[in-house]
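Enquirer: The structure's right below; bear with me while I get my questions together.
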Amino acid sequence: MELPRIEDLGDLRGRRVLVRADLNVPLAVERGEWVVADDFRIRAALPTVEFLRTRGADVTLCSHLGRPKGIDARYSMAPVAKVLEQLAPGVEVLENLRFDPRETANDPSFAQELAHGHDAFVLDAFGSAHRAHASVVGVPALLPSAAGLTLLDEVEHLSVLLEDPPRPYVAIVGGAKVSDKLGLLTALAERVDAVLVGGAMAFTFLLALGHEVGDSLVEEDHVEACRALMDRATIHLPEDLVVLESTEPVGAEVHGPAGRVVGRDVPRGTRGLDVGPRTVERFGEVILGARSILWNGPMGLFEDPRFAVGTTGIARAVAGSSAYSVVGGGDSARALREAGLADQVSHLSTGGGASLEFLEHGDLPGLAALRQAAERRP
Ligand code: ADP
Ligand code: MG
């Protein structure tokens, strides 16, 4: 995909460039004050900022942060501004774009206000490029615009899987809901050689095959869709499961009894919370034979260490593979980072929903807006 680049913006000396970055960082309270809990997204914005500044541009950053409903001090950009003072002194950051409801409404008057006083626009927020918001699609309609370095890197890595992935191409899909990922699964069914399904979504597939699911998370209204997918693609389902009594609490801080391993049927009064060891082994074999891998979504309720074994096992298999490997999705990326394996994949995508939509549709509203901006330029 050809996107306009910063170099295409011409001479930037003394020009004021607005950069839409993804500064949607996790915050935490420390000594009664909101601080940035993990600055990886701020760091991801720096290459573009530095690239622009070495070309003489004056940079202003903007982003959303969380999902505030109107102005809300809890979602202020102030903690981010503080980190930026250290990492990129002199770079200004606007207040949370979503404090203004016109941002998500893509109100042209808000895009005008953002564009005002700037000579060019750079979109570097891949994780927001699937949203038709004012700062994503409205501003590029008003200013000469280009793709930032982090966004370009994302698009280039994901495009490999869309264009000509080395085969066999294996997708591993997990997570909570099959309904969240039906579009992705349907698109993947056409393109991949096999799909390994884990996580809670596996239970809707298992239900479609007539298995007992106990109290596991299922979406009965998607059983038909799962059946249709299994007719069209090679889908591997878990062969064994880790279950726990339904009355037992689960979660990151819970220290309760360990789960027990069962086959494909979940006993009554229990729920399936992870894939079992045989599944990790079998999925691992398929992963070992792959030359391209996409992984999205954990294999179990990995926030609770009792049910993280399947996800960690798959993370190791993906990291150990020499295939072209892309990991996307907020929770799968977190699992890989926590396992210390983030640098052992070809690409760790920063854009959860955006990467899924890009892999599904091959384009995103923000990318289309950049191309249109380039067409307008003489
Ligand atoms: P990603 O962010 O990687 O796309 P999702 O958001 O779709 O992944 O799903 C992640 C969530 O799914 C996690 O919170 C995890 O606890 C949950 N999950 C995975 N497997 C199960 C399961 N068997 N039962 C309940 N929750 C599960
Ligand atoms: Mg998630």
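Glycine is treated like the rest: Cβ placed from N, Cα and C.
In TrEMBL, annotation is done automatically, which means it is predicted and not curated.
The structure displayed is predicted, hence computed values, not measured ones.
The substrate binding site annotation in TrEMBL covers Asp22, Leu23, Asn24, Arg41, His64, Leu65, Gly66, Arg67, Arg98, Arg131. Taken from TrEMBL, the feature (2R)-3-phosphoglycerate binding site covers Arg41, Arg98, Arg131. According to TrEMBL, the ATP binding site annotation covers Lys181, Gly272, Glu303, Gly329, Gly330, Asp331, Ser332.
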Enquirer: A 10 Å Cβ contact count, applied to the binding-site residues Gly272, Gly329, Gly330: which residue has the minimum?
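Expert: Candidates: the binding-site residues Gly272, Gly329, Gly330. Fewest Cβ atoms within 10 Å: Gly330.
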Enquirer: Compute the C-alpha separation of His64 (substrate binding site) from Asp331 (ATP binding site), stating it in Å without decimals.
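Expert: With distance taken Cα to Cα, Asp331 (ATP binding site) is 20 Å from His64 (substrate binding site).
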Enquirer: Cα distance, Ser332 (ATP binding site) to Arg131 ((2R)-3-phosphoglycerate binding site), nearest Å?
Expert: 22
Enquirer: Which binding-site residues from the set Arg41, His64, Arg131, Gly330 have a C-beta atom lying less than 6 Å away from ligand 2?
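Expert: Passing the 6 Å Cβ check against ligand 2: Gly330.
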Enquirer: Does Glu303 (ATP binding site) have same-chain partners at least 6 apart in sequence with Cβ under 8 Å from its own Cβ, and which are they?
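Expert: Listed in sequence order: Gly251, Ala252.
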Enquirer: Please report the DSSP secondary structure of Gly272 (ATP binding site), reduced to three states.
Expert: strand
Enquirer: Between the Cα atoms of Ser332 (ATP binding site) and Arg41 ((2R)-3-phosphoglycerate binding site), what distance do you get, rounded to the nearest Å?
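Expert: Ser332 (ATP binding site) and Arg41 ((2R)-3-phosphoglycerate binding site) have their Cα atoms 16 Å apart.
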